[in-house]
């Protein structure tokens, strides 16, 4: 069956998709209804259970000198060693067994889904709902990715949306490519990040036992799932060298997943078009979407953060949406929230940069 037909079948037959629209207001010259042009943060029909990931245009940085940058030397040393190990791993790729390649790719996609379908679209934005087996899989996959536990990841991401491009944004892209890519992890957080982050409502995360269980046992969990397991499996089961298991299956794979995620914060805030909202920094970046399994449609995502697809086009260069739709077909995901075409077109007409291409 063609992919687009299968997608329609999943969307319509197995579970409901909540369509989000803006209420009609004035009448166009041709007699059609015009969608209300209120700012996103004032719309009434977003998720009733979470609004702390909606951009707040009223927040401005405080005037005055910037605080002194404090380096976290432990992180600097560990990140440097990781990337040196990953570079060495690249040279070892030709010597790896075929199953080690497959293992690395498998681990890459599963851990990436732990971030994209898990920490991001499910727990940060509540853009769909997941039953226990899927939540359990995603919490394990997220631990495999080792990008902070879900609670901390979601807190920082909600702050990133609500206070975007300010000092309260943990990876503020106005501080440059390197800072928004990895530098924000190598220095102490700006005081504004701590101050405004403490005001966010995280009660939904605190009420979820799986999220808090992961947070409680995160250190032993990440050691096992991100480092020990991916190293031991190829070494034990198909006789891969211990060196290749460490530097290719573990260090290189982990570094690639990290940088794919970081490019959403850096490249997708600096390079690309802004067809949905030219007034915000995030861009549409196809290359980022390829590496981050669907997270590169960033101008759309910041315009409509509650859309479970993080894109207008669902499966187009968006493996994460494909995965969520497959889970919906199995009855494990439901209440997927999708913005209506009318609301999208109204936003494009109001704030787009003129580079929108339908389809």
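Each residue, glycine too, has its Cβ placed from N, Cα and C.
The annotation Fe cation 2 binding site is assigned in Swiss-Prot to 160, 269, 298, 302. Per Swiss-Prot, the feature phosphoserine maps to 198, 203. For 157-161, the entry in Swiss-Prot reads motif 'Histidine box-2', with the evidence type a curator's inference. Positions annotated as motif 'Histidine box-3' by Swiss-Prot, on the basis of a curator's inference: 298-302. Residues annotated as topological domain 'Cytoplasmic' in Swiss-Prot, with a curator's inference given as evidence: 1-72, 119-217, 264-359. Residues or ranges marked as topological domain 'Lumenal' by Swiss-Prot on the basis of a curator's inference: 94-97, 238-241.
Outside the motif 'Histidine box-3' (298-302), and at least 6 residues removed from its termini, the chain residues within Cβ reach (under 8 Å) are 55, 161, 164, 264, 268-269, 272-277, 280, 282-285, 288, 310-312. Remote same-chain partners of the topological domain 'Lumenal' (94-97), defined as residues 6 or more beyond its termini with a Cβ less than 8 Å from a stretch Cβ, comprise 234, 238-241, 244, 248. Note: the Fe cation 2 site is recorded as 160, 269, 298, 302; in the same chain, 161, 164, 173, 264, 265, 268, 280, 281, 282, 299, 301 also have Cβ atoms within 8 Å of that site's Cβ centroid. Broken down by DSSP into helix, strand and coil, the motif 'Histidine box-3' (298-302) contains 5 helix, 0 strand, 0 coil. Remark: secondary structure over the motif 'Histidine box-2' (157-161) totals 5 helix, 0 strand, 0 coil, with classes taken from DSSP. Away from its own ends, the topological domain 'Lumenal' (238-241) comes close to residues 95-97, 99-100, 249 of its chain (Cβ-Cβ under 8 Å, at least six residues beyond either end). Put simply, residue 269 (Fe cation 2 binding site) is 29 Å from residue 203 (phosphoserine) when counted between their Cα atoms. Secondary structure of the topological domain 'Lumenal' (238-241) per DSSP (helix as H, G, I; strand as E, B; remaining residues coil): 0 helix, 0 strand, 4 coil.
Here residue 298 (Fe cation 2 binding site) is positioned 25 angstrom away from residue 198 (phosphoserine), judged by their C-alpha atoms. Per-residue pLDDT, averaged along the topological domain 'Lumenal' (94-97), amounts to 98 for this model.
In the three-state DSSP scheme, residue 198 (phosphoserine) is classed as coil. Taken residue by residue, the topological domain 'Lumenal' (94-97) breaks down under DSSP into 2 helix, 0 strand, 2 coil. According to its DSSP assignment, residue 203 (phosphoserine) is helical. Around residue 302 (Fe cation 2 binding site), a 10 Å sphere centred on its CB holds 24 further CB atoms from the protein chains shown.
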